[in-house]
Amino acid sequence: MLNKIYDWVDERLDITPMWRDIADHEVPEHVNPAHHFSAFVYCFGGLTFFVTVIQVLSGMFLTMYYVPDIKNAWESVYYLQNEVAFGQIVRGMHHWGASLVIVMMFLHTLRVFFQGAYKKPRELNWIVGVLIFFVMLGLGFTGYLLPWDMKALFATKVGLQIAEATPLIGTQVKTLLAGHPDIVGAQTLTRFFAIHVFFLPAALFGLMAAHFIMIRKQGISGPL
């Protein structure tokens, strides 16, 4: 049954060459841990992507119960944590995954830097990778406010004060994020939710697509 459906689609769209090109792509020997023990350092990028996928899936689950409103945000998180089946586990995965993905990205960045993989002709991919790092930090920052408890509120105020310290445009950046130059309230929560769920993920998907395309085009850099 499934084979017939696949054959029907393949006959019209010729999808076999596309997925075979991905599935049959040969992995260079120097990045295969089976041949070189030190090759495990090349796994940090893939592990970062794996944790990112977990973050996306767990985040989609959380948005089904979360209410981005100052009257209901904390209650919705409490309900998710204590009443929803597997809610505590999924939220824990998302919470710890947010820290783990930063750690993995940091290790991946160190590997690229110390092995000189950012040099010609991969300078543009290095820039894209740095942008991905900043987007990830932004996701962590905006997500921290969403439970709307005292710890999140005070941490967000500190973060907004840091943004306000930006030369020339600091006040505008703070107002853009908070929705008000002086008050951290309903508009702040709504904006952080929108940035966390829509704007930054859209930027992340676009940058990651560019990152992978350039890796496929240029190949994985060799060892020092």
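Keep in mind that glycine also has a Cβ here, set from the backbone N, Cα and C atoms.
When Swiss-Prot records HIS108, ARG111, HIS211, SER221 as binding heme b 1, the matching candidate from TYR42, TYR65 it lists for that site is TYR42.
Farthest C-alpha pair in the heme b 1-binding residues TYR42, HIS108, ARG111, HIS211, SER221: 16 Å apart. Comparing the Cα of HIS94 (heme b 2 binding site) with the Cα of every entry in TYR42, CYS43, ARG111, ILE220, these being the binding-site residues, the smallest distance points to CYS43.
Ranking the binding-site residues HIS108, ARG216 by how many other Cβ atoms lie within 10 angstroms of each Cβ puts ARG216 at the bottom. The least crowded of the binding-site residues ARG91, ARG111, HIS196, judged by other CB atoms within 10 A of its own CB, is ARG111. Those residues noted as binding heme b 2 (ARG91, HIS94, HIS196) have their most widely separated CA atoms at a distance of 15 Å. Comparing the Cα of SER221 (heme b 1 binding site) with the Cα of every entry in CYS43, ARG91, HIS196, these being the binding-site residues, the smallest distance points to CYS43.
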